[in-house]
Amino acid sequence: MQWTVVVPLKALARAKSRLADTAADGLRPGLALAFAQDTVAAVLACAAVRDVAVVTDDPLAARELAALGARIVPDEPGGGLNAALTHAEAGVRRARPGCALAALNADLPALHPAELARVLDAAAAFPRAFLPDAAGIGTTLLAAAPGRALRPAFGPDSRMRHRASGARELALDAVDSVRQDVDTGGDLRAALALGVGPRTAAMAARLLIPDGPAG
Ligand SMILES: Nc1nc2c(ncn2[C@@H]2O[C@H](COP(=O)(O)OP(=O)(O)OP(=O)(O)O)[C@@H](O)[C@H]2O)c(=O)[nH]1
Ligand SMILES: C=C(OP(=O)(O)O)C(=O)O
């Protein structure tokens, strides 16, 4: 099965507020963009992915991610993450009614295309499925089979809420790069230890965070 992946991205100036103690205000937008670029580049390199739509209102991010090959959907509702995803879902399904659709966070800088393919292949067996994040509280990926609505419930305790919504929780080994979202300085170190994409590695060097396995 070939997937359309929707990646939501907040305006960079407001993004990654929980990284305030790791990256100064002047560096955080660039760091959020680097995460999104490395995430989107890995999604585009995934054999199970047909195309990528980024839903965002950020002009710089839109330009940079379109240059990588993503389609940009304006965040017209302006009503937060789940409204943005549902809006993008409607547009994608208007254009291609029979597509399989997955929502994936933009803060997965260690994302490995082969691991994403394994998660999407596993999700294909269920009407709706999701992958919990590395912390075990949130969600990094929510998938809907052709003809099924995504019904996103991202946000606080989204693992519990996606489970309660009837989506199948995927229990997979060795997909750490798809689970490792970066919300805190500790998450960033964990992602660096997994191995991040080139833009995040360059930004981490500016933050003076050593790259490679955590000691
Ligand atoms: N298009 C869109 N994307 C959003 C919105 N809110 C969050 N996102 C994206 O959804 C994913 C999870 O976002 P959050 O954890 O809520 O926000 P964050 O910027 O990553 O981090 P914090 O500011 O620390 O909460 C990230 O990819 C965000 O960029 C929104 O209102 N619109
Ligand atoms: C929005 C979510 O992500 P984060 O962990 O980045 O808040 C979520 O897990 O539902």
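Please read every residue number as a count from 1 along the shown chain.
Using the three backbone atoms N, Cα and C, a Cβ is placed for every residue, glycine included.
The feature phosphoenolpyruvate binding site is assigned by TrEMBL to THR139, GLY155, SER158. In sequence order, GLY80, LEU81, ASN82, ARG161 are the residues near GLY155 (phosphoenolpyruvate binding site), counting only same-chain partners six or more apart with C-beta under 8 A.
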Among THR139, SER158, which are binding-site residues, the residue with the most C-beta atoms within 10 angstroms of its C-beta: THR139
